[in-house]
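Visitor: Quick one: the structure is below, and I'll ask about it shortly.
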Amino acid sequence: MKFRRMISEIMDFRNLSEDEAYSLMEMIMAGELDDIKIAAILTALAMKGETVDEITGFARAMRDRSPRVRVSGSHEVVDSCGTGGDSFRSYNISTAAAMIAAAAGVRVAKHGNRAVTGSCGGADILEAAGVNIELDAAAAARSLSDVGISFMFAPLFHRATARVAAVRRSLGFKTVFNILGPLTSPAAAGIQLLGVFDPQLVGPVAEVLRNLGTRCAMVVHGFDANLNPALDEISTVGPTLVAFLEDDEIRIDRLMPPDFGVEVGELEHLRAGSTTAENLELFMDVLRGREDTPEQKSRLDIALANAGALIYLAGLADTLPEGTETAKRTVKSGAALELLEEFVSYTRNLQS
């Protein structure tokens with residue numbers, strides 16, 4: 001039996017080929033493996049350590065089997081999605097950054113889920129703001145075309161995610177599925193800003209994106225002021241480890257907040273609230289451009305730095321600081337808040 005051979009190889013610390021990993025994910029998605037077998041596979045892979053080829057095969061299978069959000073010029077579409085699971089429970093930075101970048105003219109296909117480590121994930125915050133997050137592929141494509149932004153709720157697009165959800169909860173440790181979410185954009189976005197929970201994943205995940213045909217990307221992990229791993233985002237409180245992917249070449253760099261055009265902030269200022277209502281207020285303050293207190297300024301600056309990177313990747317700015325400056329002008333003009341209001345109205349009128 002194929003499963004028995006694969007689990008035996010993994011338990012012997014032998015790596016699967018990309019094709020074998022693809023086949024294994026197909027078995028999971030087709031419901032051919034029960035929870036015990038899925039748990040065994042995920043545990044064995046975590047103990048061995050997943051390779052670039054294995055992650056590529058898993059991601060390719062999930063992409064091939066999920067509904068496709070078909071948009072013209074998908075190579076110019078940007079996805080902003082992190083793995084979650086980092087060591088600090090920050091407010092929802094990537095969703096604020098996506099909204100700001102979209103208001104600046106970037107076509108953003110935001111792919112996300114509910115909270116992993118924070119108290120409010122991208123789906124949670126947009127739903128609380130009034131967005132209809134349960135759009136099918138056709139509706140998401142219309143939203144991207146008409147509004148300039150769409151949200152694709154991962155469980156609606158990836159049956160494998162739903163299939164293994166209970167197993168992942170019972171295992172209680174990170175598995176390859178923590179990495180796969182951001183790698184499986186239903187819009188096949190050609191441009192990506194992808195945050196990872198572990199700095200050791202920065203280079204390998206960039207290699208996976210290259211294997212999957214991503215045109216250009218930044219894979220990032222943010223550190224705190226004491227150089228401790230902290231954020232699956234660009235950091236404004238310490239260094240950011242970045243893998244730049246462009247023209248099939250990968251370059252690793254370590255950047256500081258001024259390299260993004262922002263001042264060094266305080267990590268504690270970025271902490272999420274304890275309720276969805278509190279997190280919605282933090283999110284709205286950022287889109288309003290509020291910086292009356294040091295806490296508000298830190299939250300705004302990190303959103304601007306991440307939005308600026310999206311603007312830079314999309315080719316709407318020549319440098320990262322220019323991207324951040326464009327993001328700041330966008331927020332101060334009120335355009336980000338206006339786009340959210342339009343996004344809410346549009347998605348509520350769409351029938352999935």
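A Cβ is built for glycine as well, from the same backbone N, Cα and C atoms used for every other residue.
So Swiss-Prot has the following annotated:
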- Gly82, Asn113: anthranilate 1 binding site (BINDING)
- Gly82, 85-86, Ser90, 92-95, 110-118, Gly122: 5-phospho-alpha-D-ribose 1-diphosphate binding site (BINDING)
- Ser94, Glu233: Mg(2+) 1 binding site (BINDING)
- Arg168: anthranilate 2 binding site (BINDING)
- Asp232, Glu233: Mg(2+) 2 binding site (BINDING)
Visitor: Hey, how far is Arg168 (anthranilate 2 binding site) from Asn113 (anthranilate 1 binding site), Cα to Cα, in Å?
Guide: 15
Visitor: Between Arg114 (5-phospho-alpha-D-ribose 1-diphosphate binding site) and Glu233 (Mg(2+) 1 binding site), what is the CA-CA distance rounded to a whole number of Å?
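Guide: For Arg114 (5-phospho-alpha-D-ribose 1-diphosphate binding site) versus Glu233 (Mg(2+) 1 binding site), the Cα atoms are 17 Å apart.
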Visitor: Of all the binding-site residues given, Ser90, Ser94, Asn113, which has the fewest Cβ neighbours within 10 Å once its own Cβ is left out?
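Guide: Least crowded of the binding-site residues Ser90, Ser94, Asn113, by Cβ count within 10 Å, is Asn113.
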Visitor: Tell me the Cβ neighbour count for Glu233 (Mg(2+) 1 binding site), meaning other Cβ atoms within 10 Å of its Cβ, over all protein chains shown.
Guide: 27
Visitor: Within 10 Å of Asp232 (Mg(2+) 2 binding site), Cα to Cα, which of the binding-site residues Gly82, Ser94, His111, Asn113 are there?
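Guide: So the list reads Gly82, Ser94.
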Visitor: If you skip the near sequence neighbours and keep only those at least six away, which residues in the chain come within under 8 angstroms of Gly82 (anthranilate 1 binding site), Cβ to Cβ?
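Guide: Once residues fewer than 6 apart are set aside, Gly82 (anthranilate 1 binding site) is near Ser94, Pro182, Leu194, Gly195, Val196, Phe197, Asp232, Glu233.
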Visitor: Relative to the Cβ of His111 (5-phospho-alpha-D-ribose 1-diphosphate binding site), which residues of the same chain, six or more apart in sequence, are found under 8 Å away?
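Guide: Same-chain residues close to His111 (5-phospho-alpha-D-ribose 1-diphosphate binding site) (Cβ under 8 Å, separated by 6 or more) are Asp79, Cys81, Phe151, Met152, Ala154, Phe157, Gly181, Pro182, Thr184, Ser185, Pro186, Ala187, Ala189.
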Visitor: Measure from the CA atom of Ser90 (5-phospho-alpha-D-ribose 1-diphosphate binding site) to the CA atom of Asn113 (anthranilate 1 binding site) and give the result in Å, rounded to a whole number.
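Guide: That comes out at 16 Å between the alpha carbons.
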Visitor: Give me the count of other Cβ atoms within 10 A of the Cβ belonging to the residue listed as 'anthranilate 2 binding site'.
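Guide: Within a 10 Å radius of the Cβ of the residue listed as 'anthranilate 2 binding site' lie 17 other Cβ atoms.
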Visitor: Under DSSP, is Arg114 (5-phospho-alpha-D-ribose 1-diphosphate binding site) part of a helix or a strand, or is it coil?
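Guide: DSSP call for Arg114 (5-phospho-alpha-D-ribose 1-diphosphate binding site): coil, neither helix nor strand.
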